[in-house]
Amino acid sequence: MDLVLEAADHHLLTPYVYPAGWPEAEPCRQLLSLFVITNLGALALYLLFGTLSYYFIFDHELKKHPQFLENQVQREIIYALRSLPWISVPTVALFFAEVRGYSKLYDNIEDSPYGWPGVFLSMLSFLFFTDMGIYWIHRGLHHRWFYKRFHKPHHLWKIATPFASHAFHPVDGFMQSLPYHVYPFLFPLHKITYLGLYIFVNVWTISIHDGDYRVPWLLRHIINGSAHHTDHHLYFDYNYGQYFTLWDKIGGSYKSPTAFEGKGPHDYLRKLRENGSACPNGNTDKTE
């Protein structure tokens, strides 16, 4: 995040926003700048990729599903926009620690003892580390002590759209993002690689809520895609993983997606059409 802060200081904040006498390295200035940058960045990622996914990938036929709520898209967006500033508060504290040099992020490939192979290995380890962390945090949030208070709002959306991707309670949203932020304090990671991975995980989070169940056949039971996550929203106790199905299989929570077995939301709608049944919106909210 210090690369983003440095660029913002150089091109905007120092010449146009802050007083000339306020040093760029002053902690209060850095915290304020990080808060603004983090919120604007999160908002841009959410609205840009959420909108693109909603209009170009999400199947709008799913809005006819009985468990699609009235005014759901607007409700998802409003909930996310209210939560993101609160999620950013502890996130900014971790970004501040990175900027102050407490993480293991490095600037140059030469700074890594493993060179370019180390960069690629760190990308893989980041994905596997965060997938493991999110699995256990997500599963923990389903415990009765935490579910109703923190995670239940996200399960309001049974048939989710891409805009549901960030519609979390602030505590829930931050806890599930924590592995991303913890990783660079434990393991070396190139700064630009970290920024790229940070964007990737946000886009991936949107993608698993987009209702597009197409996954290469050989990867269907390896990659945790939208079909898996749709069943998580529908059936609650399955498919907690983020990218892979590995930890669900280890933890006994893996469920083969109903969409792959001809029993998914699209199949349900098809049967309703064949039977000439109506598909009223918003009449079956069965949130656990």
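Just so it is clear, glycine is given a Cβ too, placed from its N, Cα and C backbone atoms.
All TrEMBL annotations are machine predictions without curation.
In TrEMBL, the transmembrane segment annotation falls on 116-137 of the listed ranges 116-137, 182-203. On the 0 to 100 pLDDT scale, the model's mean across the domain 'Fatty acid hydroxylase' (124-252) is 94.
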